[in-house]
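Some notes on the structure that comes next.
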């Protein structure tokens, strides 16, 4: 079917760096003929674009059957990048073919990732089937036009189609020289399985006869039935299951297991059955006009951009600002032409471990969707090496070329048609956290990338995956292993079994941990996959939909577990004689593929030498310091182990909740007189001092920022029925029940988060601030006596006026003076405040006269700026996100336009009043990568986050520098 109109003979083009100097004259050597060519000349392919330097070995092609066959081995050494077409703003259709293209890898926003990389592969001389890309702007215009092709676009598409037809000497709808097409989507950001694909477009009752005459009946009718299935599902909205049902019945009737065992006559009959599905489902015939098929397929791909599953994937992954999807239309090449054909997907390195070894799968006599969709369980690449050694050797060489060119680990789709290799797609491969770090470190060692580039190769979320738990004792569950599948995404997961995506989401919303068990996953399952702790599938391979999506999210996944049978209707999982019901617990080891009965204990992971090396590079580049929020000595030790440069927030109230301390706290709350309160605080003093000593010891030589008591006092009271609370407090404190009730009523507030808390407690009860300050200074002096370098910083919370801060600073400094007199020596310390009330940000210059440092409490600052109660926001925030009123949860991702501007203003005003002012942030946003970037640009000195998010913040701070 496919052939080249002009045979190309071997040609070598040699260029020099002087090409772009002066007249740009260079020499070509073609079959011994020397010619001088200037930049104004056009190359033989009709292109104005020249390679920069190096050598290209083109290949000789000949016509053979329906495929393109290689007579001389292809090699591509140099890496030219084509200049974008002159009027890109108006151009909506871009063509590409081997050795030439109208696009390049830098045009992803316009051509989508797939289209840009196809153009790039073609331009560097790899064997890419000729095709065209319809731009993302055309998709945007289609949506604006009410889901109609914009004016003039169809004519541009037909012009591009003529390019494909001329290139290969075949025509759409011509039975004597049939051209079949693939129609694929491709957004600027990879979204696996989110968009729809149609293969073998152009077949009808007449064309299939012509194709059969050239390529054999079995191949022709196998291609036709696949097209009917895909076109019906993607374009016409007929469920794939209706076609699958016909196929399964046919295999059952013929007594065969695989599709490949069906004869040509069987497939002919199946084609007619598939046509009847159209009539039954839609009440109309299958559209036989190939150009109408093409138009409908393009519209279907554009429509898929706005499908529920695509919207959900973008929402989950916070993908915004894209124009739409591009459409890639290519000449078909076939992996289902017999035992010398096949299709595969590979990564140039292992995406799970990062090992420098090709990692992928191959199916003999199959089409690409069979591998990617997980419909058939494939074999590893050694199968291809055995059966097609020449094609395999060329594939290995192409992988090396692409890694050198893109300077990254690549995800590649390819097809072999009668021993001829075709490259169908390449993109930067998704990888696990472990894989990302090893690949980055190895590529620096190999000289492929600089350290600054390597830092950009690891996403902050990758480090989050590395900090996920593993099984505590894998040897302890060996007897409970009930099945084993493919280890598609590493890590460990424990949860209750559910069988549908909807159930996974529902159970997750109730606070349950679930394992989603499916025969195979589809893009419609992404919501449930995201909600699940792990994913287990009976079918599919290491590059199936489930595997790719799970790896991208860092979720444990076992695929192709053929020992299990999923009965979704009865909600049971069958493994031999074993039945596991919905809701029962299983565990999964995604690193080994083991499915384990019951709940297994999890343990935190250990940091690898590669990670330590990588993080040392990040630390050397970043300017922003990273501190940790830690409330106990154990937290402080973990923080330091993870690279924290100090404690940015130590919440003293968390020290009060121990069983031996809470009674004293409650006595203090019930106290009526200052003397009663002091008596209770005297009991708490040694506890606080001991905790501070442990934290100072753990953070020897690093600053420790301690926040004075912040929450409303009612949070320390027991929960439950009021009568029971009163009785319990009366027994604990020795206060009469009526007095307890009276005290509780006085503590009751309509809006406690804006009430009696923070510095208001210390101002009303100065003895509370005195006790905490004494505990800090006594602990600091004691540790200093033991040779520990202590750097205490005391932080006053919820300040809204300079007078509030001034009052508390006076109390603290008086206590310090007393303690230092008692101890006979001093300790250097600072007093500062949290900026969490908008008014404090607005008058930061006045606040800075009293404060030696600012720490933005972004949780409360966000709450008060938006007027959203964190405790109640769940009632409406999901609606706001769904309707696009907000793009992100402002309590997770900093609102840079509002809250962010307050932070910038306060920083500038504060430093204007006190140039030495130290400024940081200690809210949850300190661990959010996108927010960390903003804080660095705003000129903050540090961020503080939970101990286990410290590595993520360290990397995010470095990536701001190299962005």
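Quick reminder: no glycine exception, Cβ is built from N, Cα and C everywhere.
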Same-site residue for substrate (record: Swiss-Prot; known: 707, 836, 857, 858, 859, 860; options: 651, 760, 911, 914): 651
Position flagged as phosphothreonine [Swiss-Prot], chosen from 15, 543, 652, 833: 543
Maximal Cα-Cα distance (Å) across residues annotated as binding substrate, namely 651, 707, 836, 857, 858, 859, 860: 15
Residue 545 (active site, tele-phosphohistidine intermediate) and residue 836 (substrate binding site), distance between Cα atoms, whole Å: 44
Those binding-site residues listed as 836, 860, and which of them has the most Cβ atoms within 10 Å of its own Cβ: 836
Those residues of the chain, 6+ apart, with a Cβ under 8 Å from that of residue 651 (substrate binding site): 629, 631, 707, 710
For residue 545 (active site, tele-phosphohistidine intermediate), the number of other Cβ atoms found within 10 Å of its own Cβ: 24
DSSP three-state assignment for residue 922 (active site, proton donor): coil
CB within-chain contacts under 8 A for residue 922 (active site, proton donor), separation at least 6: 627, 629, 648, 649, 705, 834, 855, 856, 857, 858, 944
Rounded to the nearest Å - Cα separation of residue 545 (active site, tele-phosphohistidine intermediate) and residue 859 (substrate binding site): 37
Cβ packing number for residue 857 (substrate binding site), 10 Å threshold: 26
Greatest C-beta neighbour count within 10 angstroms, which of the binding-site residues 858, 859: 858
Residue 707 (substrate binding site), number of other Cβ atoms within 10 Å: 26
